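Step one of this worksheet: look at the structure below.
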Amino acid sequence: MKTRDADRLALILLLTPFVMWIGLLIVLPHAGVVLLSLREKVAPRMFEYGLGNYIAFLKEPIYLNTLMRTAVMSLLVTALALLVAFPVAFYIAKVARARSRAALLLLCLVPLWVSDLVRAFGWIVLLRETGIVSSALQALGLAAGPVELLYNDATVVVGLVYTVVLFMIVPLVSTLDGMDDSLIEAGFNLGGSRLTVLRRIVVPYAMPGIVSGSIIVFMLTAGSYLTPVLLGGKTSMWFTEQIYDQFITRFNWESGAAFGVSLLVFTSLVVWIGLRLTGQQLATTVARR
Amino acid sequence: MKRHLFILAATTALSVVSVALPAGAETLRLLTWGGYASDEVIKAFEKEYSDIKVEVTLSNNEEMIAKLRATGGSGFDLAQPGFNRIKAAHVEFDIYKPLDLSKIETGRFDPIMFNRVVASTSIDGKVYAVPHLWGTSGIMVDKTKAPDLKDWLDLCDPKYKGRTSMRLARTILVGSAFAMGEDPYAAYGDLKKYQEIMSKVADRLIACKDNVKAYWRGGDDLSAMMLSGEAVASDTWDSTAYKIFAQNKNIVYVPPKSGAVGWIDSFALPRKGRADDAAYKWINFVTRPEIAALMGAKTGAVTAVKGGIDVMPADKKEAIKAAFTDADIANIKWAAVIQPGVEDIEGKTLERIKAATAK
Amino acid sequence: MPSDLACQDVSKRFGRFLAVDGVSFSVPGGSFFSILGPSGCGKTTLMRMIAGFEDPSGGDIRIDGRSVVDTPPNRRNVKMVFQHLALFPMMNVGENIAYGLRCRGMGREEIRRRVAAVLDRIGLPGVAEKQVHQLSGGQKQRIAIARCMVLEPDVLLLDEPLGALDLKLRERMKIELKLLQHQFNTTFLYITHDQSEALVMSDRVAVMNHGRFEQIGTPQDLYHAPATAFVAGFVGDTNRWDAAVVRTEGDRIAFATTSGDAMLGRWAEPSRHPAVGDRIAVFVRPEAIEVRRGAAGTVDGGEVNRLSGTVESILFNGAASRLLVRTAAGHIVEADLPQSGAAAGIAQGETVEVAWPAERARCFLAGAAAP
């Protein structure tokens with residue numbers, strides 16, 4: 001009996017920090033946000049509970065359009081990140097020698113050593129009308145006058161892909177790393193072309209990595225703030241910007257909270273649809289390498 | 001998602017920090033703007049009052065209110081929001097406490113500024129703020145490239161297509177309204193009327209969107225665009241314009257014909273501040289003419305003490321005198337007290353402009 | 001019968017390392033051919049060249065009479081069973097087998113028919129819908145073979161496919177593989193480091209060492225007439241002693257072992273001739289050694305080696321039991337344990353005589369030695 005009690009105590013001690021972390025930093029704030037989002041202001045310092053904030057959100061086309069825009073662009077970023085990351089991950093996991101592998105992964109990590117803000121300013125310095133790329137194009141005679149590469153959606157997408165691509169590479173490398181090279185060789189040996197081997201063997205094998213990478217990248221992108229705000233143009237609205245505006249410039253925490261919850265629900269829905277379409281389950285993608 | 005998590009986390013962190021501070025320590029926690037409490041000024045203050053330590057948190061109008069709201073007015077001992085933001089924020093969120101004017105050397109203030117602020121921040125006969133620094137927002141032009149740009153809506157002149165900038169914020173809304181012959185401040189009390197004016201402004205600014213190269217967001221942003229020549233004109237804070245003027249004498253601050261928009265940053269006591277005496281000492285310290293001059297030099301804003309412009313350092317004085325005639329100063333549209341509901345209308349208007357496709 | 005697979009002077013160089021060094025052989029159609037060698041001897045490289053995963057640095061590989069050196073791996077009609085089988089985990093059994101047929105663009109119905117047929121032939125009908133991980137080790141093995149055989153290859157390559165199985169199953173699979181090979185009547189090229197696998201299953205075996213073939217022959221040839229010291233040491237159990245030549249007389253050699261025993265042996269390397277004083281390696285199989293109780297008698301007629309020793313230990317293993325005898329000079333001699341007759345029941349510490357005919361002591365020049 002004594003040992004069982006001791007075991008239980010050890011388990012409780014082990015779990016406590018984890019539960020506290022989850023509880024204090026994840027569950028409690030989210031519960032707070034949900035509660036906040038259900039409060040409607042009726043007069044200064046007077047609130048009633050109701051769905052008014054959500055109704056207001058659904059009634060305003062600007063908010064819905066921004067949410068859809070954010071979702072579509074995030075999906076685009078996810079797809080591009082996958083296209084960019086797959087060959088890189090394949091190279092790191094399957095082609096590069098074991099010794100250079102760590103170095104290559106580290107190299108992918110380098111951009112994360114500087115903050116979001118600095119990275120965004122890096123892009124600004126590069127792409128602005130009087131920036132490095134524009135000047136170089138002019139010096140090479142490829143452009144007649146200054147070229148403005150900043151302030152449009154394409155720049156936002158490029159900047160976001162750059163920011164999130166590592167989060168695609170890492171899960172892909174770890175799944176591909178676990179793949180026996182002989183599977184690929186067997187694929188060729190049995191008569192498959194490069195495309196067949198890629199399509200029927202490598203990609204299906206890497207699917208858990210693809211799905212978990214895509215989930216991470218999609219969530220990160222949809223929730224990113226600085227990059228779309230700083231690189232975006234006159235009409236580049238990002239949904240997080242709306243949330244920020246509600247909270248900070250309009251002091252409307254209730255509505256901001258409703259926006260936040262809506263974003264969470266909507267992105268979760270997109271992920272769920274994605275999982276259904278690819279026939280994956282969250283448990284298998286996260287648990288399996 | 002990230003953002004609201006961040007706010008909540010920050011809020012939690014703030015309350016933890018404030019609990020952790022020993023209650024008896026003489027620490028003055030300032031919530032203020034960049035440059036409003038320079039190291040130089042703090043050093044001078046701490047030398048004189050050796051038992052007080054000054055901690056500075058830099059912020060802006062919106063975040064000041066958000067921070068105080070998050071903690072119910074604790075965590076800071078002295079805040080410096082714009083005077084027109086105090087009343088509505090206090091009514092809504094209960095974040096300030098009244099000032100004891102007897103502890104402030106009110107005789108030093110320029111009476112016009114002082115009365116304007118006191119009148120706008122009184123609730124039930126209690127005064128919640130006194131003025132500190134003032135300035136204006138107007139437009140900034142590169143006079144070699146856009147010599148005839150004189151008013152807010154000249155930024156929409158097709159002659160400068162793709163070469164102007166503006167900030168999507170209250171200033172441009174209000175400025176454009178004045179330029180269109182309206183008086184938005186007078187309409188603050190009548191939200192329906194204000195909504196009408198803002199709809200018109202929105203239509204105008206949406207039509208103008210194509211003319212704008214990009215909307216700026218911060219002083220650095222704006223400086224880079226103007227100094228590189230990518231933009232030839234923009235709306236601006238005067239202090240930013242003066243800084244740029246110091247680097248390029250061709251870029252000058254122009255008070256718009258229909259009136260520059262004036263602002264006054266003030267002193268207010270957060271409701272749960274714990275170092276009121278130190279706060280009063282700070283107020284009385286920085287309104288001394290010699291300290292006011294130090295601050296003016298740093299920020300380019302004018303102090304609200306008597307003869308505020310005259311105590312400015314020579315180069316800033318020159319920049320101001322070059323920009324303003326007496327008539328311009330008389331024409332300054334002093335910010336009116338924000339009423340509940342105004343922010344909502346403005347926010348929606350700004351969203352409409354941002355979301356509209358250019359044309 | 002035409003040869004299905006022929007290699008002509010095939011080499012492979014990795015940088016400065018010569019992994020395969022001028023190997024030539026041909027495998028008659030329908031036979032079971034093994035390449036036996038220690039790990040690192042180049043056998044896997046050789047197989048990978050035949051499959052097309054590596055390009056030879058020199059020489060030619062012909063399958064069914066045509067050179068395939070320039071044919072990409074997916075166009076060669078050589079299929080391979082990988083060491084860990086490489087069954088595709090994301091496909092079920094049927095899809096695994098159908099993969100190659102689909103690559104050939106075969107119709108859906110035809111594929112279904114052939115998959116069912118091959119599953120029947122390997123004795124696993126109706127497992128097509130099962131997931132790979134639901135199968136036992138032996139079943140997986142058969143599926144891996146079926147996946148190749150359904151494509152009717154000219155040659156089936158097997159890369160130590162039994163390595164991962166436990167001992168009992170391995171013994172059973174040896175027999176099963178041999179039967180499958182008969183059944184499909186396809187050329188099998190089998191790679192292994194396990195001499196018993198090679199001996200049991202193969203029609204012919206090539207022993208490979210340091211990138212070269214030491215000997216090609218039937219299992220009986222390799223066992224009874226090893227051509228080199230390496231083969232003598234690597235194939236089958238054997239005693240191995242280092243010695244120096246004392247006298248030569250035709251193929252009879254008199255030598256002294258390093259610890260001083262004088263013995264007789266037979267010279268087994270016709271291509272080379274020993275001289276007095278040469279260092280040699282002597283191999284005697286344990287079953288050639290006769291054990292008798294009591295001290296050694298005199299040398300009679302000179303054709304039999306007789307030594308006295310004490311029983312150091314007894315390694316009991318049923319029919320394959322062994323006796324370790326330390327001779328007076330200090331050698332260890334490994335002999336089959338007599339389990340009947342006068343010598344049955346020998347105990348540790350007893351004094352015994354060990355004897356073997358000179359004919360059964362094979363002598364090679366020292367040099368390449370088995371590990």
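Yeah, the Cβs are placed from backbone N, Cα and C, and that goes for glycine too.
Annotated in TrEMBL:
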DOMAIN    A:67-274  domain 'ABC transmembrane type-1'
TRANSMEM  A:12-38  transmembrane segment
TRANSMEM  A:71-92  transmembrane segment
TRANSMEM  A:104-126  transmembrane segment
TRANSMEM  A:154-173  transmembrane segment
TRANSMEM  A:202-226  transmembrane segment
TRANSMEM  A:257-275  transmembrane segment
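Beyond the ends of the transmembrane segment (A:202-226), by six or more residues, the same chain brings 70-71, 73-75, 77-78, 81-82, 85-86, 89-90, 116-117, 120, 160, 163-165, 167-176, 179, 183-184, 187, 238-241, 244, 263, 267, 270-271, 274-275, 278, 280, 284-286, 288-289 to within a C-beta distance below 8 angstroms of the stretch. Two recorded stretches are said to be in contact when at least 3 C-beta pairs lie under 8 angstroms, sequence spacing 6 or more; the transmembrane segment (A:154-173) and the transmembrane segment (A:12-38) fall short of this definition. Beyond the transmembrane segment (A:12-38), the same-chain residues lying 6 or more positions past its ends with a Cβ under 8 Å from any Cβ of the stretch are 49-51, 53-54, 253-255, 257-258, 260-261, 264. Within the same chain, residues 30, 33-34, 36-37, 53-54, 56-57, 63, 67, 70-71, 74-75, 211, 214-215, 218-219, 222-223, 239-240, 242-243, 246, 281-282, 285 sit at least 6 positions outside the transmembrane segment (A:257-275) and bring their C-beta atoms closer than 8 Å to a C-beta of that stretch.
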